[in-house]
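Participant: Once you've had a glance at the structure underneath, I'll fire off some questions.
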Amino acid sequence: MAIVGGLVDVPFENKVEFDDLARFAVQDYNQKNDSSLEFKKVLNVKQQIVAGIMYYITFEATEGGNKKEYEAKILLRKWEDLKKVVGFKLVGDDSTMPGGIVNVPNPNNTKFQELARFAIQDYNKKQNAHLEFVENLNVKEQVVAGIMYYITLAATDDAGKKKIYKAKIWVKEWEDFKKVVEFKLVGDDIAKLGGITDVPFPNNPEFQDLARFAIQVYNKKENVHLEFVENLNVKQQVVAGMMYYITLAAIDAGKKKIYETKIWVKEWEDFKKVVEFKLVGDDSAKTGGIINVPNPNSPEFQDLARFAVQDYNNTQNAHLEFVENLNVKEQLVSGMMYYITLAATDAGNKKEYEAKIWVKEWEDFKKVIDFKLVGNDSAKKLGGFTEVPFPNSPEFQDLTRFAVHQYNKDQNAHLEFVENLNVKKQVVAGMLYYITFAATDGGKKKIYETKIWVKVWENFKKVVEFKLVGDDSAKLGGIINVPFPNNPEFQDLARFAVQDYNKKENAHLEFVENLNVKEQLVAGMLYYITLVAIDAGKKKIYEAKIWVKEWENFKKVIEFKLIGDDSAIIGGFTDVPFPNNPEFQDLARFAVQDYNKKENAHLEYVENLNVKEQLVAGMIYYITLVATDAGKKKIYEAKIWVKEWEDFKKVVEFKLVGDDSAKPGGIIIVPFPNSPEFQDLARFAVQDFNKKENGHLEFVENLNVKEQVVAGMMYYITLAATDARKKEIYETKILVKEWENFKEVQEFKLVGDATK
């Protein structure tokens, strides 16, 4: 049964009623436009249940012997004997614009001029303005529950100056309903192709149908059973067609989750393709993720910034003048929260400000939540972190006191706040403050670090972390030891890692205790936990790396490995994603110092180029590093054996490689091409080729392996494989990013016959 508002295809072959309806529409058009179209045949019929039936008929007609396609919209109410042509347009001459939104051929016909005047009158009444209509520049229409008209028009303002405006007008003709949804100043530069715009009614049947289509495609590809619930947000972008960005809720095995999909639509070709479909999280698209807006100076965002500046001027009796937007971020809350960094002049001096503006478009609601001076040259960011220039301003002292009070209450402690030493902030779902401060404990001054999560618009404040740092507060990116590895927070993290491992590997480890915990400030926090777990009744030592973003309720096991069992077989080599992480720089420096001492040399460490690790009874690190020898840069390789639980560290090998053999981008030969790691890579490439080409190659052996440091590692493998029992030589290129568990065959080709 047809859903109210939904478009449904109607079988039309050999049905005289649709021919008659099309002829009726042609006669109506000819009469109104003094034309001489001749109806030929119906091509397509859709219907929509409104207060009656709306028919969308696509048909062929000729004029002056030229055959073209037209579309007519005809409203029928049989009980009133009503038949009315609501829309009529040419669709065969590229007049159809992408995405369900179509250009109207005569923007200044009486009907559209009246709609534009209606929008201007509505604006004048609401804003006590005196705009006067001049002309329509462009009209587009979109089928919603009714018709949405997008009119770009020229009007003169109070000063007699001609300006460009955009109006969105929603019309339900059968109900005699007309509403101005939006009216705004555009300026002389109308938004260009490629801009992403919010769609006002994400659960309009059209967009629900698109979301259901994406879910069906995903279910079919992945053999899953998602069930659509609702759309949370829809954005659209004019491309060669229309790209829809839909955030939706769906049920997976009874659990509600959030997904994002990108759907490309070319309506005039009846083309629809799911470009992307991915899990976002259980709540990442609710009060949640902050995303960058691609065009911060689009008229919409400039208007928002001007609104914030005006609001500030009114409340502070100031005289700021808006210049431009520098950055715009948006966040889906109950409506949309915009974070705008803007430039404005104050008494002629250009300064930077930050504004937070809450918008609920469907209620015509707009409120400035926050407006503040950032500085004359905006603070440099450290990976999304911004230094706050005045750490002891009352606002930040109050935040710290709040954290100290909370800590005292939780720990039955008696810290007394002294002063803030440093404040950083990070835009998350709200703001995360990283405050380093001094406080006295039993009369002794100590250094602490706290993380406080604030959502101003919800009056929400939470201490995410509070810890003793000491006199050398850990810097961003540095790895620091945690003093109490078995506190409940870290035991819970370790159990989470063990459970994750058990699930993935079908194992049965049982957590016992933590031996050591380190943490590193990244975009969130990276925890390095050395733990004891029981495997088949035997105690073993494992290492887990867990990435936590508390403000997103995000927790992911990056790595879990056995390190402490002497029976462990020497294993595969693993690339380390961040070779210049302080931990690995310290190891490289240790190796250089050891070499200098043994050889009475004077090498000076510069940087790491590559780090690999190998699971043995402990860990062997293979570090390719740069050091200077008598002022000349050279490349060295070091092998360092580490057993962290014994505080054991030994340089097993240190040697000169060359002046450039290990530079990023340089290709080097791997000494053991048939080690299991490289055989596995070659098999992966062969399987990928077989799947794509419907081939039946069988891997035999590797002949040669080269590797190249890129954003990850590129492997160039020459291998032998049999094809219909004939041995041949192939070359493959495989990109590996171990830390993302990413592996992709870039190239696979036949080189020659192995028997020759």
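Residue numbering: from 1, along the chain as shown.
The backbone N, Cα and C atoms fix where each Cβ goes, and this holds for glycine too.
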Participant: Out of 133-137, 228-232, 343-347, 708-712, which range is noted as motif 'Secondary area of contact' by Swiss-Prot?
Facilitator: 708-712
Participant: In Swiss-Prot, which of 181-185, 426-430, 436-440, 451-455 is tagged motif 'Secondary area of contact'?
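Facilitator: Among 181-185, 426-430, 436-440, 451-455, the range Swiss-Prot annotates as motif 'Secondary area of contact' is 426-430.
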Participant: Out of 326-330, 331-335, 446-450, which range is noted as motif 'Secondary area of contact' by Swiss-Prot?
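Facilitator: Here Swiss-Prot associates motif 'Secondary area of contact' with the stretch 331-335.
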Participant: Suppose you had to name the range Swiss-Prot annotates as motif 'Secondary area of contact'; which of 39-43, 114-118, 614-618 would you pick?
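Facilitator: Result: 614-618 is the stretch Swiss-Prot calls motif 'Secondary area of contact'.
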Participant: Based on DSSP, tally up the residues of the motif 'Secondary area of contact' (708-712) by helix, strand and coil.
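Facilitator: Going through the motif 'Secondary area of contact' (708-712) residue by residue, I get 0 helix, 4 strand, 1 coil.
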